Each structure stands twice: as C-alpha cells, then as structure tokens.
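Novice: First the structure, which I've put down as structure tokens, then a few questions once you've had a look.
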C-alpha cells in the first residue's frame, strides 16, 4: 500500500523492518530524522533494539563494529563530516568483514561548511571496501536497505554497505512509498547468522595485525568478496523484484538509450531531472539517453560498457570533485575505463556541489557541450564571483 | 570465584623479556576467568600477542583501532545484553590509547554506563612506536619526544590524573594497581568485572625497554615506585577513596636512579631542584591518599 512519507522516515521504517539488535548513531544534518524516528520506535516498543546514543560518529560506527562482531545485526546512519570522522572505522569494518549497513544522507564536505547536498562524502570513501548503493527516489532508497542487508550477510560476501541518497532532496521529501510488512521482510531477510563471532564458548581473535607475509592476501580477499557482493546484490535485487514487483537485479538502469547520440551517466536524485530533460530533448529531435548507476561499488563496468555500446558521446554528471584530477569527477574515469577501446568520448561535468540546483536547461547545456567535445569541467559556475 | 590456576594468556608471545604489560595480561585473565571478552587497542600488547596467524589469547579477543576500544566494547556489551549473554567485557589498552587518543570514546562509554571494565596498562609512554611521551608520562622523564637536553629536563608536565577524571564520570569502581603486587591486581580485576557499570583500573606496568632497566627488575622497579610514593595503589568506590596502600616512604632518588629515563637528573651532576620537584609530587600523593605509615602505628 502506498503511503505519503518523508524519505528519512521511510528509511527508518526500512531499518526497523530489518530488525537490527543494536542501533548507534550521532546526529548530523540531514541524517537526523532517520535516527530520531528510530529512537521513537525503540521508545515506543515498536523496535526491540539497543539504541546507543554516542558522543561522536567515531564511536557510532565503533559501537556497531563491536556489536556486529558479537553476532548482532546493526544499523547506523550518517552524513558528510560525520562520515569523515568515522573514516578510520569505515576502512576497519570492511577489513574485519562485518556486514554492517549504514545509510548515508549525502551532503557536501567542508570547507566551506555546507549542510546541502552533493555526493562528496560517500564517494570520497569509495575505496574503503564497502559496497555503495545509490537511490534515485524514496522508494528505491527504501528498498535498497533490504537488499543491502541481504547481500552483506551472505557468507561469501560478509562486507558492509552504504545505502546513499541525496540529503534534503530525498531525505526530506515526501513521496508515495510502498513499505513492506514485517511478515514480508521476515520472509525476504532471515535472521542474521554470523560466520563467526566473539563467544567465550568458542574463543577466537579478531582484528589481528598482519605482517608483509600476509597483508596483501587480506586485501585480495576483501576485493574478491566485494566483487562477489555485486552478484549478491543482483541476486537479492532479483528476489526482491519477484516478491515485491520492484526489480533491482541490475546495477544500472537505462532510460531511452536506444539509438542515443549522447548518453548521460549519473547517480541518485538527479536522474529524475535528467529523464525529464531527455524527454524534452527527444521531443526536439535530440537523441539523448541516461544510464543510471545504482551500484557504484563494486563498479559495474561490464554492464555500463554494454549499456553505452554504440553511443558516440557520454556525459558523466558528477556531484563530487576529485580535486586535482584530470577529468575532475571521480566517476568519469571509471566510465571511460569501462569503454576503453570503443572510441566513445567520455566527459565529466561537475554539477550541483553544495546543493546548487540542477535544472533541465543545465542538462541540455551539458549535452550541447559534450557533443562539441567540451568537458571535464565545472558547469553552472557564477563567474562573477570568481 | 574464578579458577586462578588457569593460564588464559599463553606463552610464546613476542613481548620483551620482563615485560610488565605481558605479566599484567596474564593476571587480568586469572582475575576475570574464561567467561570474558577482551577488547584491545592498538599498542604493544596487541602487537606482541597477535601477529597473524598466531594469538596468545585463549579467550575471545578483538582489536579494531588505536582510539576506539571503549566504543567497540560498548557495542560488544550492547549485543551481549540484548541476547542475555553473561560474558564480562574488558578493555585492555595502553596509556597512549587511554590518556590521549581514546579519551573521547572512553568518556562516552563511561557516561553511558556500559557494563565494562576498562584496564589501562600504564607504562607511561608510547612504547610501541618507540618511547614517545603520553599524558601518562611522569614529570622529567626523558622520552624520544620529550628528550632531556641542554634546554630540557625531559617531560615538562606532570602525569594526568585519569582515575579522578573517570571518577568524575560517576564510575562505581575506580582503582589503581601495580604488576609488582600480582594478588592485588587479580583481586581488583575480579572486583571490577563483578561491579555493575563502567569500571576503571589503571595498572602500573614497568617497561624495561622504555624506562631503561634490566628485564629481571620489573617487579623491583614497580615496588620502588610504590615505596617512594610516585605510584599509589588505591580504590575509589562510588566516588569515595576507600583504600590506599600504606608504605614507609623512602626518598624518590632510588627509584629515579634505577632507570635510564631519569639518568639526566643525576649525571653529570645531581639536579637537586628538579629531584626536589619530583619529591614534592610524591609528598603530595602521600598527603592526598594518606599513605604514610606513622612511626607510632
């Protein structure tokens, strides 16, 4: 049944339905509505979980790590500076192979301080060993939580995952959303069965240090598991589709890509605007299309190459900047790498940083630049203040 | 009562000969018993006891990072509580992890009142990285980042009073101990793990490598620290000092002279005004904790 619900509250409902035993988080805009709602659920007896109010994000994820290592399913959520304060733990959790799911209400990083949306926070941690899912709308980001837990907890994966969605644009927007019932989610997501855990009856040591004789193999194993996470996400997405009618078996979604002369590649809420712009461009005779990336890690290179095959020009819309890099965006080089040798031109466009609005006419402007071979640049700068 | 004959910290680890913290690990597990989960911070003990694929720990053990042991332990405890499990949770962390980089997580865990025991093995500097000063380094000790030199008498600040800080968090049991008194350590560990809420134990753990003494003298050095009043073994329960080990105090010189880290106070000439300042620290301890045995007692 569809209900009108704020994005954050839909995420909180999803987290509740996954039955975490421990929830630990620290308030940060625009993540706060999620954890406030979860606190209500615990206070009202709707969620049987330990809700640990910590003094920092460093502790929030560390608490989750401790609980996960002891055998509990756990949940946290953060944004921006909070994710940066957690960064050391973020890497550690992946190396320790704990299947923690954390929501990221995407927000820009300081300085200057900005509470508004871009995707710099999660993209900056793309190499940490977590899988990264990006939602386009409230329904998709809600559903991705169920898929994330299911994929993370597979014993051939055992890796953590981010479920990312644009702060304010999605976290604070009310949309119609179908929230599954507890019975349905219990059928989809069985209780967490740890591969191993801290237990006095079966002692083991976790988080030991590795000498040069072993370290590289640990990294190899983590990378291999992250590649397998891609398959687990697909399988969970397919099963979810069969149960709920919303299929997430692919890591990308193509929109009007048949015969496209220019293709956009993008993540998150911007895809809705891009789709509308594409419809208008198509009406005007401009053959544009979109490849939306849902799974950024593991990077679905093959799927992207297939989706872009035969398209002469690709414009990657980046709500991040890899400062000092040649293409400027972090996603563009990976897309370019995926189509190496095909002759496809790939350009990055830095848009929407720090909450700057992205309009349909900007999308059209970028298409025109890409077709002229102009790219790897900021779009929409106010040159008068530079 | 736990079976104190059990050896739950195994031999074959890679600590230096005469390592105070290694002895402490053994004593902690004798005091706590098998039904225990250890949360470690990065540091000497973590490194000498768990080089993959070997471990010295016969109880469940987890290490995450340098600064977050108290938060990881909070999570372990929350999971245990949720599942009605009975294991005791003990953090074992060095003084760098405790006094300095871990303070945020420790303060949070104590304020929340998790049922954990946090034990600091206090060897008074960052020994794992090569003897750099920490907030636990005593006044005038020479370390690699507070070296004695033409313009320096070593570490310029007194040791931070961490037990008092955690006492101020409302901890129901805060105590200090020394590896030089093994039975006392075991007794205090057992008391701490059986006291509800967050408890803190700070244990003097001499480091022959970092302090500069022969590895056969660890116990002797530990006893000297107590006998001169620079280290006091005491207990605080529900905010009140309930016990302090009394001594017939001797001057601090003997303790200082026995360690290379204080050698600059005596060579080439004794620096009497600095030694007097250290004596004053011991004298203040004696008054604060009431440790002096009076002649008429």
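Using the three backbone atoms N, Cα and C, a Cβ is placed for every residue, glycine included.
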Novice: For the region 'Disordered' entry in TrEMBL, name the matching range from B:97-116, B:117-136, B:137-156.
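Specialist: Range annotated as region 'Disordered' by TrEMBL: B:137-156.
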Novice: Looking only at residues six or more beyond either end of the compositional bias 'Polar residues' (B:137-147), which have a C-beta under 8 A from one in the stretch?
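Specialist: Cβ under 8 Å, 6 or more out: 124-125, 130-131, 153-159, 210, 230, 260-265, 274, 277-278, 281.
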Novice: Return the average pLDDT for the domain 'Thiamine pyrophosphate enzyme TPP-binding' (B:42-203) as a whole number.
Specialist: 98
